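Worksheet for the structure shown next.
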Amino acid sequence: MSFIFVLLIIVIFTITSKSTPINDFVPINIELIKYSRSSNMNFTEHPKLSALPRQNLPLDNIRNSDSMYVGKIQINKQTFKMFFDTESSELWVPSTECKTKTCDNLEKITGPFKDLKKQTTVTYGSGDVTMKFSTADIKIAGFTAKDQTFGRAIKIFGNKNLPFDGILGLGPDSLTFEKRPTLVSTLFKQGLLKNPQFAFYLSDSNDKPSLFTIGGVDKTKFKEKIHFSPVIDKVGRWFIELGGVFINGKKTSTDRAEGAVIQSSTLGITVPSANAKSFYKMIPKATEISDGVFAIPCDSKVKVSVKLSGQTWDINPKDFVLQSIPNRPNFCEGAIRGKQKLRYWIFGTVLMKNVYTVYQIGKNQAIGFAKLA
């Protein structure tokens, strides 16, 4: 199984690891649909606020599966199901020119749009996507970004049964083709968002839909305060300082780890190989079954805590124990995987399901966390 996956506050401060009070305003939410993901789908490689009604979509609840979160956008009058990905920054949808089998059952952009006469290829973990760039008006949660740059995918390689049409990249502008602004950046620059932020509330419950919040936080989803850390410009991603990792209250090794990446495109936690080995030595009966993949007893009650933004955040033990392992009765995969030559920890939705996660774009890039309500 691959580790994959598929606002806020007024900020008038110098970003530090501290708490910030929340001002009152109306948040805009998009409900996200949670889909199961097949084992060969991999996206971990990267490549004026108004009171609008909430958009309600059904949620498929599949606990502890390799899952992704999908929402909707509109380009002109067409609606596209999009994988909300904080790891990448490009926004693309399939083109009518796409003839690869992956495109067969996907919604394809028909126009009108302005062709920029430029193209590029983006490499994801499951394959390459070749796209031609265009501009059009793109709508999300009632906001319309005028003349937003997006890609029309003409070749999509990889999984042939995608549960989404395209990818909505939520990474930094610096990762886009020619460093053009992402959709969220455009909305803020055009004066449509009160705050340059977006947030995730990820749920496993059918009674509590997962939400993507843009332009303000949903204060019903968290309690106390949001604690922010500034983004460290080392790897061009959502990268912040890692204060430590604890297992059952005891600190485990994070030697050689330069920080932490927080991303929605990953299910579990990917760490330097040496850190993974040190971690699993603290779990009885844990065994490495393949390079970087570890088996642990399915009934393990492992309490993993992560120190970020000066606070310690707990991961529910049931989220740490993933799928059962074939031919190994009573053993399941642990949520932490090791990877050679990795210099930081990558935290996916295993962590994000246990905190309210806020991303701040622009000059003062930061990531914030709050306790769930």
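We number each residue from 1, going along the chain as drawn.
Note that Cβ sites are derived from N, Cα and C of the backbone, with glycine treated the same way.
Note that the structure is predicted; figures quoted are calculated from it, not measured.
TrEMBL has this to say about the protein:
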DISULFID  CYS98-CYS103  disulfide bond
DISULFID  CYS298-CYS332  disulfide bond
DOMAIN    69-370  domain 'Peptidase A1'
SIGNAL    1-19  signal peptide
The domain 'Peptidase A1' (69-370): mean pLDDT?
-> 94
Which one of these disulfide-bonded residues, CYS98, CYS103, CYS298, CYS332, has the sparsest Cβ neighbourhood, judged by other Cβ atoms within 10 angstroms?
-> CYS298
Roughly how many angstrom lie between the C-alpha atoms of CYS103 (disulfide bond) and CYS298 (disulfide bond)?
-> 38
Cα of CYS332 (disulfide bond) to Cα of CYS98 (disulfide bond), in Å and rounded, measures 39
In angstrom units, rounded to an integer, how far apart are the Cα atoms of CYS298 (disulfide bond) and CYS98 (disulfide bond)?
-> 43
Mapped onto three states, the DSSP assignment of CYS332 (disulfide bond) reads strand
